[in-house]
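Engineer: Here it is, the structure, as structure tokens.
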Amino acid sequence: MSKYIFVTGGVASSLGKGISAASIGRLLKNRGLNVTIQKFDPYINIDPGTMSPYQHGEVFVTEDGAETDLDLGHYERFIDENLSRINNITTGKIYWSVLSKERKGEYLGKTVQVIPHITDEIKSRIYQASKDNDADVVIAEIGGTVGDIESLPFLEAIRQMRSDIGRDSVMYIHVTLVPYLEKSGELKTKPTQHSVKELRSLGIQPDMVICRTHYELSQEIKEKLALFCDIDVNAVIENLDVENIYEVPMALNEQRVDGLIADRLNLNSGSLELERWKQLVDQIKNLSQEITIGLVGKYVSLQDAYISVTEALDHAGFNYDSKVKVKWINSEELEKNGSVETAFQGVDGILVPGGFGDRGIGGKIMAAQYARKNNIPFLGICLGMHCSVIDFAHEVAGLNGAYSSEFHPETPYPVIDLLPEQKEVKDLGGTMRLGAYPCKLIEGTRAYEAYQQDIVQERHRHRYEFNNDYKEQLTNNGLVVSGVSPDDRLVEIVELEDHPWFVATQFHPEFKSRPGAPHPLFNSFVQQALKNSLSSK
């Protein structure tokens, strides 16, 4: 029978509940347990797919094509498991399902209510995650903070589970903030006390409190929190800020968090094996080189919009003993001022990630052009690929006015065009080409050299694609098609033949990168950027 750990948050949002949940998952997995992690988001959207990155940050895409919260990226990277749509549930999905059942008459004339129908639906998704993943332990993070009206049905559902399956199968962990007041020079426990009081008023007694803090908690503070939160002193966990998120599992392990969980849930687990993780963290702390990557996007004021990209760069950097410094370049400002020399001064590589809409598109095209002309290692992702193709078609292949029909429907040369199967699609939500699809690699190319495989599976999120009507003309002028769908219908990767390293992909390689196992394309890109850095010194 599966065990369930519920992670709630209090005092403030953005405390790192997702990192805490992912770190606990890593520790339990290293004890030999099969772990899966869920995120419950209390917003009414079905998923974050149509939300602005400024509102939500990155949309993380799973293998099965779910558009999910960015925390799922953290979960996958920490526990090294592919998750699916059952691992991210929103209020919108829950109500949609319940209302659909009501219309079908599945409630047999009953009045449909939050309790039991909404709460039962929530619980069914938790049990389904356990079943689908054959999990020994399910960790479920409840989004938002305790006290938010939107979270109440989720909190009630997880409260009920203690009665449904027994106290020994359910554990509650509350993540809070212990703020430091500069004026008085002391840490304040009152916000955490009130947050736990609010949680207890809803019928949930936390078994452990993880305290985010800038300063170490004294024994006196821990004892005070234990007294007012009604938990053991050793269950008051200090979660200090760290330089790198991959240090968190070790920090929790030093306080026996995994041991406390194993004891509380009577887990039949093995001894903890954390040596490889410690080696990774030691490696991260002692990187001897540094490179700079210019990341050109229009959401750069909210860096969480590109969190998987920056993590993938870091993973590759670890592999080459290099810290990867990101120089954030606003594509809209670049388009307006045109100062490419200033923008890319000191960069060792240029990366243009995905995005939507025509705002700032000119700046991204300028970035691809600058990398092409100056032999700077370049990685284009999704829209980044489109921009590199547009630049090449216009500047090299002589197709003046070439563009994407997404932005210029009247372009005489739509080198990027809508996928045929998308032409009758009207709804925006969940209707793109989503999830993992196979890609056939062409031997003798940069892509094949990076992967060393004939067929790879990569995750997609797009409606527009390379237009094969211009394939022959572009390849005759030096564009290399290095990856295609198995039926040769879709172009997945393009390169430049007379360039040290210029690769652009239709898919999103960043979603499959892991610490200790960097994605092959990011690995090769960072390697070339490092060579570029060393040769310029």
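Using the three backbone atoms N, Cα and C, a Cβ is placed for every residue, glycine included.
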Engineer: Would you identify which residue of SER13, SER14, SER20 Swiss-Prot lists as part of the CTP site it also attributes to ASP148, ILE149, GLU150, LYS188, THR189, LYS190, PRO191, THR192, GLN193, LYS224?
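Structural biologist: The candidate from SER13, SER14, SER20 that Swiss-Prot ties to CTP along with ASP148, ILE149, GLU150, LYS188, THR189, LYS190, PRO191, THR192, GLN193, LYS224 is SER13.
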Engineer: Need one residue: from ASP47, ASP64, ASP69, ASP71, the one Swiss-Prot lists with SER14, LEU15, GLY16, LYS17, GLY18, ILE19 for ATP.
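Structural biologist: Given SER14, LEU15, GLY16, LYS17, GLY18, ILE19 bind ATP in Swiss-Prot, the matching entry from ASP47, ASP64, ASP69, ASP71 is ASP71.
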Engineer: C-alpha of GLU406 (L-glutamine binding site) to C-alpha of SER13 (UTP binding site): distance in Å?
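Structural biologist: So the Cα of SER13 (UTP binding site) lies 36 Å away from that of GLU406 (L-glutamine binding site).
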Engineer: What mean pLDDT score does the region 'Amidoligase domain' (1-267) have in the model?
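Structural biologist: Mean pLDDT across the region 'Amidoligase domain' (1-267) comes out at 94.
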Engineer: Using C-alpha positions only, work out which of the recorded positions GLU141, LYS224, CYS382 is nearest to TYR54 (L-glutamine binding site).
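Structural biologist: Nearest listed residue in space: CYS382.
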Engineer: What three-state secondary structure does DSSP assign to GLN193 (UTP binding site)?
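Structural biologist: DSSP call for GLN193 (UTP binding site): helix.
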Engineer: By CA-CA distance, flag whichever of SER13, ASP71, GLU141, THR189, GLU510 among the recorded positions is nearest to GLY384 (L-glutamine binding site).
Structural biologist: GLU510
Engineer: For GLU406 (L-glutamine binding site), list the number of other Cβ atoms lying within 10 Å of its Cβ atom.
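Structural biologist: GLU406 (L-glutamine binding site): 20 neighbouring Cβ atoms within 10 Å.
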